[in-house]
Amino acid sequence: MSAGGAPVPPPPNPAMSFPAPRVTLPAGPDILRTYSGAFVCLEIVFGGLVWILVASSNVPLPLLQGWVMFVSVTAFVCSLLFLGVFLSGVVTQINANWNFLDFAYHFTVFVFYFGAFLLEAATTSLHDLRCNRTMTVQPLLSDNQYNINVAATIFAFVTTACYGCSLGLALRRWRP
């Protein structure tokens with residue numbers, strides 16, 4: 001009771017004062033049973049292969065392949081975090097429009113990965129370019145580096161396609 005004799009109302013329940021998060025993807029391990037969860041897993045696997053292959057080629061053209069490494073490693077880590085947020089169920093506790101965040105994330109990564117794929121393809125196409133190093137003409141990429149870069153280009157394309165499929169699914173969820 002207050003000093004005036006009127007009863008004091010109970011404090012509001014915080015669970016009732018916050019709106020529910022907007023997400024149509026399931027939380028927990030059920031995310032892995034959806035197409036979106038499967039694509040995120042493929043993005044992680046193929047994206048990891050891209051940066052491992054680029055790193056194993058000893059990065060002969062750092063100006064081009066440095067961006068490919070940055071994009072592939074950043075997307076790999078962010079996709080792991082994205083999947084971890086859904087697997088842990090945090091999406092049900094944070095009030096956010098997760099459908100829009102899913103769309104915005106996949107749109108951004110798709111654009112950057114498409115650029116990285118083009119740069120990796122450009123690097124691979126320089127295989128026959130010869131450079132003059134003190135009177136000895138050598139190819140810019142050795143045969144081993146060329147083969148590794150071909151594989152990295154293929155996996156960069158596959159990863160870009162996976163991000164594109166995830167983008168399409170996210171767009172359908174965000175704009176029904």
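Every residue gets a Cβ built from N, Cα and C, even glycine.
Of His127 and Arg172, Swiss-Prot records each on a different side of the membrane. Same-chain neighbours of the transmembrane segment (67-87): 25-29, 31-32, 37, 40-41, 43-44, 47-48, 50-51, 54-55, 59, 105, 109, 112-113, 115-116, 119-120, 123, 152, 156, 159, 163, counting only residues six or more beyond its ends whose CB sits under 8 Å from a CB of the stretch.
Note on the domain 'MARVEL' (31-175): DSSP counts are 118 helix, 9 strand, 18 coil. Here the topological domain 'Lumenal' (56-66) returns a mean pLDDT of 84 for the predicted model.
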